[in-house]
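Trainee: Following this message is one structure expressed as structure tokens.
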Amino acid sequence: MEGTSFHQASNSMRRNSSVWKKDSGREIFSRSSREEDDEEALRWAALEKLPTFDRLRKGILTASHAGGPINEIDIQKLGFQDTKKLLERLIKVGDDEHEKLLWKLKKRIDRVGIDLPTIEVRFDHLKVEAEVHVGGRALPTFVNFISNFADKFLNTLHLVPNRKKKFTILNDVSGIVKPGRMALLLGPPSSGKTTLLLALAGKLDQELKQTGRVTYNGHGMNEFVPQRTAAYIGQNDVHIGEMTVRETFAYAARFQGVGSRYDMLTELARREKEANIKPDPDIDIFMKAMSTAGEKTNVMTDYILKILGLEVCADTMVGDDMLRGISGGQKKRVTTGEMLVGPSRALFMDEISTGLDSSTTYQIVNSLRNYVHIFNGTALISLLQPAPETFNLFDDIILIAEGEIIYEGPRDHVVEFFETMGFKCPPRKGVADFLQEVTSKKDQMQYWARRDEPYRFIRVREFAEAFQSFHVGRRIGDELALPFDKTKSHPAALTTKKYGVGIKELVKTSFSREYLLMKRNSFVYYFKFGQLLVMAFLTMTLFFRTEMQKKTEVDGSLYTGALFFILMMLMFNGMSELSMTIAKLPVFYKQRDLLFYPAWVYSLPPWLLKIPISFMEAALTTFITYYVIGFDPNVGRLFKQYILLVLMNQMASALFKMVAALGRNMIVANTFGAFAMLVFFALGGVVLSRDDIKKWWIWGYWISPIMYGQNAILANEFFGHSWSRAVENSSETLGVTFLKSRGFLPHAYWYWIGTGALLGFVVLFNFGFTLALTFLNSLGKPQAVIAEEPASDETELQSARSEGVVEAGANKKRGMVLPFEPHSITFDNVVYSVDMPQEMIEQGTQEDRLVLLKGVNGAFRPGVLTALMGVSGAGKTTLMDVLAGRKTGGYIDGNITISGYPKNQQTFARISGYCEQTDIHSPHVTVYESLVYSAWLRLPKEVDKNKRKIFIEEVMELVELTPLRQALVGLPGESGLSTEQRKRLTIAVELVANPSIIFMDEPTSGLDARAAAIVMRTVRNTVDTGRTVVCTIHQPSIDIFEAFDELFLLKRGGEEIYVGPLGHESTHLINYFESIQGINKITEGYNPATWMLEVSTTSQEAALGVDFAQVYKNSELYKRNKELIKELSQPAPGSKDLYFPTQYSQSFLTQCMASLWKQHWSYWRNPPYTAVRFLFTIGIALMFGTMFWDLGGKTKTRQDLSNAMGSMYTAVLFLGLQNAASVQPVVNVERTVFYREQAAGMYSAMPYAFAQVFIEIPYVLVQAIVYGLIVYAMIGFEWTAVKFFWYLFFMYGSFLTFTFYGMMAVAMTPNHHIASVVSSAFYGIWNLFSGFLIPRPSMPVWWEWYYWLCPVAWTLYGLIASQFGDITEPMADSNMSVKQFIREFYGYREGFLGVVAAMNVIFPLLFAVIFAIGIKSFNFQKR
């Protein structure tokens, strides 16, 4: 079709290369002989005669070397090696090769006069608002959670007004993003950058209110599909960890398709044939391969891997929390590449450089620039800290702050605009850094250039208004006033199809990916098989046929118990779908919203592909247990049971997938899952007989899948030959009599009804899963919290809010209220090694140790700020961990002294602080509480409360945290503080310990220029108080680098190559390296840190033939440093070694009190855990109360007792299971904080464990009382004080047992995922041995011992013996009293209650003690 696009002559290209030099267009390979040319010409002539469809799928593949064969190939069968060789020929080494390839593609398109589509994005008077809670109401406390829930409900009914306040994110912004020009989006955190990018890409959250207009080529967003026309590349790296980088790209490419590239190629081939033009064979294959949908080996995938520098890790797993994979920087590039492989024509990229070094960022941005310039692409990219050379690649700049656009237009005029406002960029300052700081209240004054006028703070609003009258602003206003001529929009520019490829291809790709993931997760399936095998073995040996009779109705109860447990085993086996589905949801939401595929395409493959697994799991269960237990020997009945269990397994899998999609996070889904299981379980006909179900709950009986499964499996068994013996005085068989007595449906056809119903549930739940995926979005979006302040000046309020700081006094050196002793640290010939990794031994390495630090020397002094630098892998963090005593493994040699005395880690921990790169804090406390807690535990006992409080206030001012004192810390990337605020909190938490020596690991990583400046100002303030501070730092800007006094530079392999002062404008450092022969001189204005790392690489060493470590050791500087080390290694006259009478600052009791204080706030402000558990308990109590209404007092028949026991058994098992499952993620988060705090010497493990255990006791007590009161009254147990107390006591003990078991499982395993998998096996065994499914007297003698080890068995013993053990009334269907019956049938004696009560205390105590031992003994953090 005329004029369709190769759009982007490939998007692929979309990113590629370097600076511009147009290629002359000569062919890549000149043929070595006329014969080769003739052969190629003949093959090309044959190709030209083919029909268009076939011609576009064929190409001429030339050999890599002269004289090689020339083959005609099918593009869709292009192999991996062919693709690799093709790209090697097209893109040789060097950035400009990418650019040359793009020019060749463009030249081929231009030669036949095809116009490529372009997109101009305009936004006019765009305003975006959110509704947020204000002040203290925004904190997620227990009370607020309940209030907010009630408010939302009442507001929906229009009974109360909305209490949320409007918060403007973007305030009336307008602008144009033009094709063919690279646009950079700059602005401080919370300025609205991400919101603007989302609005322009058509991906804004529906809850946000948007006014104004966004158009593409003059067309409104409703006239095309913006999600497929534009690609939004987000900040968060959301990927499937079990896929490799290449697979991630390949599937993304297959889902997105090729857009209009194929149509463009058709038109291109037609025109070339008409004009008799023969294209370059390699370029021809490249373009055809990029334009062919559905390829498994995609040229685009390999091309983007090459551009992004990901070839080195192409076949490495992406990885996640559980699976080791690629680095953070590589993951960030995968996020970018995933969209670049698609056909989108406009790119909106959000902070794509986080975690990347400046040279990698430069290469990626340069490649994008080449694509944008050559193919007139549209790109708006936000970057955090662009280096000057990267900044200069952009044509246009959009500067945004507080939701207002301050500048938008050519990069060349941006400095001019600020000069008209009176601000000047200093000579050694990057323009990007200047732009981010000049709007900040804290930083603006230093750039004021009008010395004749007094400085006053210029607000963002004033900048925005001034820009409207600036010549660039006026020009943009004029352009926006003229509407875009829609007739000039290329027909292929805007995508109108919802999905990139046809339904058939989408389904095929989705099946392929799901099958791959199932293979990668095969361990889960093997584990489940193993678990089923163990449970099947336990079941068949517990219900052994020699012990089982078929003579009475009591025998029928045992067979019912066995069948019920087999059903439940397969039901619980489906629970693993919950966590596996939730783990993949973030990727699904991202790809669904980007219109990769509809929800049903995602949900269909796991359903169909897991059917064979259901057959295998059911086979494992049925064929092992059937004959050993002694079910009816008919083979037909065996296979009928097998089919039923297959359907049961499928139903459970579908149910838990649906629950996962409805819940969307583990805590909520676990709660939903437990609730669904409870309803189905309690109303399934086993726990509560159908005849006793109240009329208001009978609907629950008829919708319970377990009811259909149970009735079908019982009909299959009890209508068999084994149970056909007639009962005395009755015409009915034993089987029918038993079914009727227990309230089951006594008809053989119920097998077929049950089977059909289960099949229906499988379809229904899978349909529900698909609906939930289609209409629900992910939970937990971060929201702004507005401070509750008088809004007399709205601008001022907004300014304070976005700055996150208020103006403090001038930064002067200051003393602190608490004195401290300055200390120096020296290290001489420090060697650190680890055991040789197994993979290196397998590759033939002879040594048994790998040396990471090779005899490093240095001294860090008070009042001196030292930068610890080096390339990746040089050993920066390793050296810091060794000096700080944070290493948990390896071998350390050498001398380390503190003020001349040998270092002792226990005393050193008291005078040092360590700011880790990952900011680990308890998420549910405020900033102020975090500091109070740290100071409480780390300052000496002599410091009283008032002094401590004053000191905390001083530290908060020093670190600029005063305005954030009541802000909740939150979880990184999810809620609470921003990255930069968390970084300052990390520093403050260490400072309130009043340390003499502070280590900081990457304090500025992941921050924008303004935030980095705030953190560095904090660090500088800290040094100016006379402390010794050492920072590792990665790719700093000039002003950050030159804020340091000294540099400690390591090269790869762990050797120092420069240790000394930087000097004014880094002169000492520059002079040192420039004195080495062959080193390139630094250019004017170039960053000395970047230059220093570039000239000291291993490749430079090889080129110059020198060893920089040896050069340093031969220098005067080294000799001076050795003298300094020698001097500082001698104790000062009259000084004493560090001595503290106790290991920790505070007593054991104080440690316990402080830990408990923090846990109190952590629990109070964690409503997803505490409030949901509370509400869940009330819901379950009301449900049970109404289900078992007034059944507690009925003891006339066995079924009456069975019903009462069922209510207890179900509550103990399910509420307990819910407690254990929900506590595990909470303990797991806090354990990570514990590792940091214990390493800092804040407390011993026991006070922490005590607090974690003790805080649960009141919460669980309230849970037990609430549950007990509601249920006891509604079920109608006997109202005596003793019986009510026993009931509460045993329920409380049971809840505590499960809660502490859940905590113990986390303490003994690396994370809560593994803990939950291990726990599920125990829950199944406890269920089996609880005494409900098979009473203790009926158990084979070889299993009776385990009954006494089962905590659930003791709880049920206590509950039933205390309620019914004293009732001497005779039963209607037995010649025994209630007391005799429960003693004979269940083995329960009232006189044994004292022992039972003791065991009810011992189990929680045992699990709590094991939890404490686990926390103390196991450290799963490897350093």
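Each residue's number is its place along the chain shown, starting with 1.
Cβ atoms are placed via backbone N, Cα and C, with glycine included.
Relevant sequence annotations retrieved from Swiss-Prot are reproduced here:
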| type | residues | note |
| --- | --- | --- |
| BINDING | GLY187, PRO188, PRO189, SER190, SER191, GLY192, LYS193, THR194 | ATP 1 binding site |
| DOMAIN | 505-718 | domain 'ABC transmembrane type-2 1' |
| TRANSMEM | 562-582 | transmembrane segment |
| TRANSMEM | 611-631 | transmembrane segment |
| TRANSMEM | 643-663 | transmembrane segment |
| TRANSMEM | 696-716 | transmembrane segment |
| TRANSMEM | 756-776 | transmembrane segment |
| BINDING | GLY870, VAL871, SER872, GLY873, ALA874, GLY875, LYS876, THR877 | ATP 2 binding site |
| TRANSMEM | 1174-1194 | transmembrane segment |
| TRANSMEM | 1207-1227 | transmembrane segment |
| TRANSMEM | 1257-1277 | transmembrane segment |
| TRANSMEM | 1284-1304 | transmembrane segment |
| TRANSMEM | 1314-1334 | transmembrane segment |
| TRANSMEM | 1341-1361 | transmembrane segment |
| TRANSMEM | 1395-1415 | transmembrane segment |
Trainee: Helix, strand or coil at THR877 (ATP 2 binding site), per DSSP?
Mentor: helix
Trainee: Taking the centroid of the Cβ atoms of GLY870, VAL871, SER872, GLY873, ALA874, GLY875, LYS876, THR877 (ATP 2 site), which other same-chain residues have Cβ within 8 Å of it?
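Mentor: Those within range, site residues removed, are THR878, LEU1050, ARG1052.
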Trainee: So which residues does the transmembrane segment (1314-1334) touch in its own chain, when a touch means Cβ under 8 Å and the partner is 6 or more beyond its ends?
Mentor: 527, 531, 534-535, 538-539, 542-543, 558, 561-562, 564-565, 568-569, 572, 575-576, 579, 1205-1206, 1209, 1212-1213, 1217, 1220-1221, 1224, 1228, 1301-1302, 1305-1306, 1308, 1343, 1346-1347, 1350-1353, 1356-1357, 1386-1387
Trainee: By a Cβ-Cβ criterion of under 8 Å, what residues six or more beyond either terminus of the transmembrane segment (756-776) are in contact with it?
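Mentor: For the transmembrane segment (756-776), the list is 588, 592, 598-600, 602-603, 607, 644, 647-648, 650-651, 654-655, 657-658, 661-662, 664, 705, 708-709, 712.
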Trainee: Out of SER191, THR194, THR877, give me whichever of these binding-site residues has the highest number of other Cβ atoms within 10 Å.
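Mentor: Checking each of SER191, THR194, THR877, the winner is SER191.
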Trainee: Sequence gap of 6 or more, Cβ distance under 8 Å: name the residues on the same chain that satisfy this around ALA874 (ATP 2 binding site), in order along the sequence.
Mentor: LEU1050, LYS1051, ARG1052, GLY1053, GLY1054
Trainee: State the Cα to Cα distance, in Å, between LYS876 (ATP 2 binding site) and GLY187 (ATP 1 binding site), rounded to an integer.
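Mentor: Cα-Cα distance, LYS876 (ATP 2 binding site) to GLY187 (ATP 1 binding site): 31 Å.
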Trainee: Counting across all protein chains shown, how many other Cβ atoms sit within 10 Å of the Cβ of GLY873 (ATP 2 binding site)?
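Mentor: For GLY873 (ATP 2 binding site), the 10 Å Cβ neighbour count is 13.
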Trainee: What are the non-local neighbours of LYS193 (ATP 1 binding site), defined as same-chain residues 6+ apart in sequence with CB under 8 A from its CB?
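Mentor: Looking at Cβ-Cβ distances below 8 Å from LYS193 (ATP 1 binding site), excluding near sequence neighbours, one finds LEU185, LEU186, GLY187, ASP350, GLU351, SER382, ILE400.
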Trainee: Compute the C-alpha separation of GLY875 (ATP 2 binding site) from GLY192 (ATP 1 binding site), stating it in Å without decimals.
Mentor: 38
Trainee: Cα of GLY192 (ATP 1 binding site) to Cα of THR877 (ATP 2 binding site): how many Å, rounded?
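Mentor: About 34 Å separates the two Cα atoms.
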Trainee: Using a 10 Å radius around each Cβ and counting other Cβ atoms from all shown chains, which of the binding-site residues SER190, SER872 yields the largest count?
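Mentor: The most densely surrounded of these binding-site residues is SER190.
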Trainee: Using C-alpha atoms only, work out the spacing between SER872 (ATP 2 binding site) and PRO189 (ATP 1 binding site) and round it to an integer in Å.
Mentor: 27
Trainee: Residues sitting near the transmembrane segment (1395-1415): Cβ under 8 Å, six or more positions beyond its termini, same chain?
Mentor: 1231, 1234, 1245-1246, 1248-1250, 1252-1253, 1289-1290, 1293-1294, 1296-1297, 1299-1301, 1303-1304, 1307-1308, 1351, 1354-1355, 1357-1358, 1361
Trainee: Thinking of Cβ pairs under 8 Å, which stretch from 562-582, 696-716, 1174-1194, 1284-1304 has the most of them with the transmembrane segment (1207-1227)?
Mentor: 1284-1304
Trainee: Output, ordered by sequence, the same-chain residues six or more apart from GLY870 (ATP 2 binding site) with a CB under 8 Å from its CB, or 'none'.
Mentor: LYS876, LEU1049, LEU1050, LYS1051, ARG1052
Trainee: Going along the chain, which residues six or more apart from VAL871 (ATP 2 binding site) have their CB under 8 A from its CB?
Mentor: LYS1051, ARG1052, LEU1093, THR1097
Trainee: What does the structure give for the C-alpha distance between SER191 (ATP 1 binding site) and THR877 (ATP 2 binding site)? Integer Å is fine.
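Mentor: For SER191 (ATP 1 binding site) versus THR877 (ATP 2 binding site), the Cα atoms are 33 Å apart.
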Trainee: Identify, among the binding-site residues GLY187, PRO189, GLY192, the residue whose Cβ has the fewest other Cβ atoms within 10 Å in this structure.
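Mentor: Lowest Cβ count within 10 Å among the binding-site residues (GLY187, PRO189, GLY192) is PRO189.
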Trainee: Calculate the distance in Å between the alpha carbons (Cα) of THR194 (ATP 1 binding site) and GLY873 (ATP 2 binding site), and round it to a whole number.
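Mentor: Rounded to the nearest whole number, the Cα-Cα distance is 33 Å.
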Trainee: How big is the gap, in Å, between the Cα of PRO189 (ATP 1 binding site) and that of THR877 (ATP 2 binding site), rounded to a whole number?
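Mentor: Rounded to a whole number, the Cα-Cα distance is 27 Å.
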Trainee: Just to verify a number: CA distance, GLY873 (ATP 2 binding site) to PRO188 (ATP 1 binding site), in angstrom, no decimals.
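Mentor: Here the two Cα atoms lie 31 Å apart.
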